[in-house]
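Structure record follows, encoded as structure tokens.
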Amino acid sequence: MNPYILTILLFGLGLGTTITFASSHWLLAWMGLEINTLAILPLMTQHHHPRAVEATTKYFLTQATAAAMLLFASTTNAWLTGQWNIQQMSHPIPITMIILALALKIGLAPTHSWLPEVLQGLDLTTGLILSTWQKLAPFALLLQVQPNTTLLITLGLLSTLVGGWGGLNQTQLRKILAYSSIAHLGWMMLVLPYSPSLALLTLLIYFTMTFSTFLTFKLNKATNVNALAISWTKAPVLTSLTPLILLSLGGLPPLTGFLPKWFILQNLPKQELAPTATLAALTALLSLYFYLRLSYAMNITMSPNNMIGTSPWRLPSAQLTLPLALTATATITLLPLTPAAMALLKL
């Protein structure tokens with residue numbers, strides 16, 4: 001892609017998200033979300049492949065539906081209450097509609113089915129943008145809307161279950177990462193009504209872990225589980241560290257990914273939601289299983305010894321390794337900062 005066009009599109013992504021962040025009026029927030037969607041569509045179709053075009057079409061239709069729901073809900077709220085302000089919504093019907101519209105935008109269950117299909121059709125770089133940056137603006141609106149606690153808890157539990165269950169039988173890495181995204185968003189929704197700052201911390205840690213996972217797969221040029229078996233010939237040191245990144249994504253101590261799950265499981269019983277916390281912890285085991293599968297395929301499996309699976313030459317990669325080094329270090333080693341996070345969040 002032409003670098004000038006790429007710069008304009010990335011600027012559009014940043015502008016749309018910033019407008020939504022800065023807005024207190026529903027129409028301005030809607031406009032920011034639309035700019036954000038329109039800016040990523042050319043990035044998704046930059047590789048002229050039928051799967052990329054199909055994924056872009058699915059993404060556009062889904063986001064257009066969610067934006068129409070959001071606009072209708074905000075207009076209904078203005079009709080019922082006379083308010084366009086995001087933080088002054090009081091009527092339960094528009095609040096419920098807006099939460100469902102934002103759930104469709106970020107891919108929460110049961111409105112999740114577009115996310116694995118769209119992510120599967122994209123290259124890893126655009127998939128990384130879709131899994132991280134594109135979730136910021138809708139999440140900022142969710143933080144500002146008065147929470148419908150029952151609805152958010154239901155969406156959160158369903159997402160953790162679907163995210164864990166859906167990833168079990170997958171062999172495509174991008175679909176596995178999509179179900180991982182659904183499960184992590186479910187954890188955020190569980191704690192969002194009670195501690196928005198903790199939900200935001202969970203989102204930031206999820207971004208760090210996802211960033212390092214996507215960059216690892218991009219460095220190895222791996223898109224399915226079998227391709228991980230030959231990664232040791234390309235990057236032996238990274239191959240030995242990747243299980244730690246994957247297990248951190250699964251929330252296993254003593255890695256960084258355990259920190260938000262620990263805080264959430266500590267917070268839910270205080271709200272008299274001990275059964276919810278127990279169910280969420282059990283669904284985390286499902287996610288942990290397929291992360292262990294990836295670790296096993298990467299480190300313990302021998303590569304197939306035929307013409308298709310021949311070991312590649314260890315040529316130097318053109319990818320920048322500094323972002324991967326920084327995010328991988330953060331993904332593995334930040335658990336000792338738990339006391340500082342507790343003091344910051346006043347837990």
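A Cβ is built for glycine as well, from the same backbone N, Cα and C atoms used for every other residue.
Taking TrEMBL as the reference, the stretch among 20-43, 92-115 described by the feature transmembrane segment is residues 92-115.
The list of residues near the transmembrane segment (176-192) in space but at least 6 beyond its ends in sequence, with Cβ under 8 angstroms from a Cβ of it, reads 106-109, 112, 115-116, 118-120, 127, 131, 135, 139, 142-143, 147, 152-153, 155-164, 166-167, 170, 198-199, 202-203, 206, 210, 213-214, 249, 260-261, 263-264, 267-268, 276, 280, 283-284, 287, 290, 294. Averaged across the domain 'NADH dehydrogenase subunit 2 C-terminal' (288-340), the predicted model reaches a pLDDT of 77. Through the fold, the transmembrane segment (273-292) approaches residues 153, 156-157, 160-161, 163-165, 167-168, 170, 176, 179-180, 183, 186-187, 190, 246-247, 249-252, 261, 264-265 of its own chain, all at least 6 residues removed from its boundaries and within a Cβ separation under 8 Å. Simply put, out of 92-115, 198-217, 229-253, 198-217 has the most Cβ pairs sitting under 8 Å from the transmembrane segment (324-345).
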